[in-house]
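Undergrad: In case it's useful when we look at the structure, here is the feature table from TrEMBL:
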{"type": "TRANSMEM", "residues": "34-52", "note": "transmembrane segment"}
{"type": "DOMAIN", "residues": "42-487", "note": "domain 'Major facilitator superfamily (MFS) profile'"}
{"type": "TRANSMEM", "residues": "97-121", "note": "transmembrane segment"}
{"type": "TRANSMEM", "residues": "128-150", "note": "transmembrane segment"}
{"type": "TRANSMEM", "residues": "156-179", "note": "transmembrane segment"}
{"type": "TRANSMEM", "residues": "191-215", "note": "transmembrane segment"}
{"type": "TRANSMEM", "residues": "221-243", "note": "transmembrane segment"}
{"type": "TRANSMEM", "residues": "298-319", "note": "transmembrane segment"}
{"type": "TRANSMEM", "residues": "339-356", "note": "transmembrane segment"}
{"type": "TRANSMEM", "residues": "363-380", "note": "transmembrane segment"}
{"type": "TRANSMEM", "residues": "386-409", "note": "transmembrane segment"}
{"type": "TRANSMEM", "residues": "430-455", "note": "transmembrane segment"}
{"type": "TRANSMEM", "residues": "461-479", "note": "transmembrane segment"}
Amino acid sequence: MSSPTNSVPYGVQILQKIADKFPRLTRIVDRENLYKYSVLILTFITYAAYHASRKPISVVKIVLYQNCSEVTTPAPINNTDPDWCNWAPFNAEHHNALFGTLDSAFLFSYGIAMFFSGIIAERVNIRIFLTIGMLLSGTACSMFGLAHYYNIHSMWYFIGVQIFGGICQTTGWPGVVTAMGNWFGKGNRGFIFGIWNSHTSIGNIIGTLLASLYVESNWGLSFIVPGIFIISSGILIYLFLVVHPSDINSDSHLNEKVQNGHKDEVKEKTEGSPILSHLNGSPKKAVGFIGAIKIPGVIEFSMCLFFAKLVSYTFLYWLPNYIKYSSTYSPSQSADLSTLFDVGGIFGGIAAGIFSDMFGKSACTCAVMLFLAIPSLYAYNLLSSVSLIVNIALLVVAGGLVNGPYALITTAVSAELGTHSSLKGNSKALSTVTSIIDGTGSIGAAVGPLLAAYISDLFDWTSVFYMLMGSNVLAILLLTRLVKRELQNVD
């Protein structure tokens, strides 16, 4: 086993040495809360960076294929090609299908790899796991942008980059949820996770705004700048993230306090140990895939998330394109306007957490919001072109109702199921349960944008909205049994 000093992240060691020079200050500061809320902030930044690096593709689609006669930038001299402004291979007639293929390459690889990522995360040093994943995710994001500089037009190159990026991105969710679950007990978990989960929407907004800055002048930077952002965040995580109370050996008494009376096993994941920290031995065996899906509620919430993320990710990847299609806004204006969907998602996630805490009924909360989302989607498709104010209002409402259940299931519900009473105190199921739920949801996230691409090409965008409303109906039906149990107060 490594020494107590080596168990502390290097950045924290430096801060501790500085703090030791001010003993009066260290007596005033509550170290428990300092470590706890540093984890809250750092994991928030982490997943915001992950999502920011996913968003550029939805913005850049607008300029990879567009009507060149409407482009204000002058065409090259003596160029009679009507597609002069488009980027091959996306200048084909069925360009939406090609974009859908790119989305699916990322999301299917993400969804499949997620099932394995959670299992790996239970057995390794989470901080190193996150750091490596963020560095590689930033590299993948930047590689897409480099195509602009190196004049790359191979569809296989873009597909390969998307697959690589999808696999790398799976390191994020199991890692941050595990770190949060280690530090925050069950009290007000829905509210805390509701606020914390706004990182998804904040990350989408950051990614959209960064990409829109360059989309009309140099779309390569629309990918490279978010790539640099996540790489920088990965370095920050390596230096400062304290994954578990036991990682601060000098404050090992915090290990019991932070869990509100719930005893966790001491995890020997230290700076001096390799990433495969389970080689040092673990007091309890990690729960496997089969054991995790037997936990009551895992299958139902997983399948519900399949359809919830199908809807959410269709907006994530296609909303700027839809706004551009249905209005006279420029590519950058369409991208900026689309961020209001994520603004609504912030409030929706917090509201879902509050209602879940107040009534103790997560499935009921999700079902009600999914039901209300159906008329909001219909209204947005029907009325969004009436005026800018109407568009903004409907975007915020739809964003809240669509993303609320998604946020609740992937955070508080996953954390609750990962520490379910059937596990008899073994908390080493959290990453596996999280990966199963989010992995299943991510398969739905892959299906949604692909269906939207083909349906919009073959029919129209109204048909896409009908598909999204139907998905919400199926999500509600899948929660029926859990809703009934909650209403009957069955544990």
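The backbone N, Cα and C atoms fix where each Cβ goes, and this holds for glycine too.
Remember, predicted model here, so these are calculated numbers, not experimental data.
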Undergrad: Going through 156-179, 191-215, 221-243, 339-356, 430-455 one by one, which has the most CB pairs that fall under 8 Å from the transmembrane segment (97-121)?
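TA: Out of the listed stretches, 430-455 contacts the transmembrane segment (97-121) most.
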Undergrad: Which sequence-distant residues neighbour the transmembrane segment (430-455)? Criterion: at least 6 residues beyond either end, Cβ under 8 Å.
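TA: For the transmembrane segment (430-455), the sequence-distant neighbours (Cβ-Cβ under 8 Å, at least 6 residues beyond its ends) are 96-97, 99-101, 103-104, 106-108, 110-112, 114-119, 121-122, 170, 173-175, 177-178, 181, 286-289, 292-293, 295, 298, 301-303, 305-314, 316-318, 406, 409-410, 413-415, 417-419, 463-464, 467-468, 471.
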Undergrad: Counting a contact as 3 or more Cβ pairs under 8 Å, with residues at least 6 apart in sequence, do the transmembrane segment (363-380) and the transmembrane segment (298-319) touch?
TA: yes
Undergrad: Under a criterion of three or more Cβ pairs within a distance under 8 Å and sequence separation of at least 6, are the transmembrane segment (34-52) and the transmembrane segment (386-409) in contact?
TA: no
Undergrad: Flag the pair the transmembrane segment (156-179) / the transmembrane segment (128-150) as in contact if three or more Cβ pairs fall under 8 Å (sequence separation 6 or more).
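TA: Taking Cβ pairs at least 6 residues apart, the transmembrane segment (128-150) and the transmembrane segment (156-179) are in contact, with 3 or more under 8 Å.
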Undergrad: Would you kindly list the residues that approach the transmembrane segment (191-215) from elsewhere in its chain, counting only those six or more residues past its ends and only Cβ-Cβ distances under 8 Å?
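TA: Residues 40, 43-56, 58-60, 62-63, 180, 184, 221-223, 225-226, 229, 316, 320, 331-332, 335-336, 338-339, 342-343, 345-346, 349-354, 356-357, 399, 403, 407-408, 410-412, 415.
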